[in-house]
Structures are given as C-alpha cells and as structure tokens.
Amino acid sequence: LSLSGTAADCLSGWSSYEGHCYKPFNELKNWADAEKFCTEQHAGGHLVSFQSSEEADFVVKLAFQTFDHSIFWMGLSNVWNQCNWQWSNAAMLRYKAWAEESYCVYFKSTNNKWRSRSCRMMANFVCEF
C-alpha cells in the first residue's frame with residue numbers, strides 16, 4: 001500500500017493532488033519553524049514545493065479556503081547560501097563572507113509569483129507529503 005498521496009492515503013483534513021497530500025496552516029511562523037512543523041506532521045513532510053502551474057493553482061485555491069492572507073511560505077530557500085557562485089574573472093569562490101541574513105521564498109497568491117524575503121518573516125504556510 002502506497003502512502004504517497006492518493007485520496008485514500010491522505011490524512012483527515014489533508015487534500016490530494018497528483019499523488020501528494022497538502023494542508024494549509026493558518027499559523028504565523030518563520031520559515032524554519034514552518035518547515036520543522038511540516039516535517040513533524042507526516043513522514044516525508046515538508047513545506048510545499050511546486051512542479052507545475054497546475055499544482056500551484058490547486059494549492060492556492062486550497063490555501064484561500066483556510067486563510068485570507070495572500071502570501072504563504074513554500075519550501076524554497078537559500079538558507080545555506082550554496083548557490084553556484086563564481087567571480088566575474090571565472091575564479092572559484094573560496095573565501096565567503098555572507099551576511100547572516102538568508103532568504104526564503106514565499107508565494108504571493110494574488111499574482112501567483114514567487115518572492116524572497118528574510119526567513120525570519122512570519123507567514124502562513126502549506127505542508128506537503
């Protein structure tokens with residue numbers, strides 16, 4: 001029996017789409033706390049990730065049934081600052097002095113666009129497994 005998200009496999013209160021289960025939470029948390037919360041809800045749980053515009057549309061409709069705010073955390077971040085950075089002269093980046101501020105991505109449902117902001121910002125969120 002697969003627990004990958006058919007309608008019968010989703011926990012009570014969760015919604016199924018394309019083999020995954022989703023649940024919006026009307027709780028304000030920073031990105032790290034929201035991600036931690038999602039991992040505690042179900043094995044394999046995380047903040048929502050989008051593989052298509054159809055999936056995003058499904059989640060936005062689901063989210064609006066739970067909260068009025070137009071933004072919510074999704075599982076994309078640059079917490080570890082591990083982008084493939086390279087100097088303009090093609091030298092490898094060996095010395096790093098990143099500011100402590102890291103950026104996480106939230107979904108702005110009024111225009112279905114992604115935006116980055118401090119990971120310390122408080123927002124609602126959607127979990128997925």
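Just so it is clear, glycine is given a Cβ too, placed from its N, Cα and C backbone atoms.
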From the disulfide entries in Swiss-Prot, identify which of CYS104, CYS127 pairs with CYS119. CYS104
With Cβ-Cβ distance below 8 Å and at least 6 positions apart along the chain, what are the contacts of CYS10 (disulfide bond)? List them in sequence order. SER16, CYS21
In the predicted model, what is the mean pLDDT computed over the domain 'C-type lectin' (17-128)? 86
According to DSSP, collapsed to three classes, what secondary structure does CYS119 (disulfide bond) have? coil
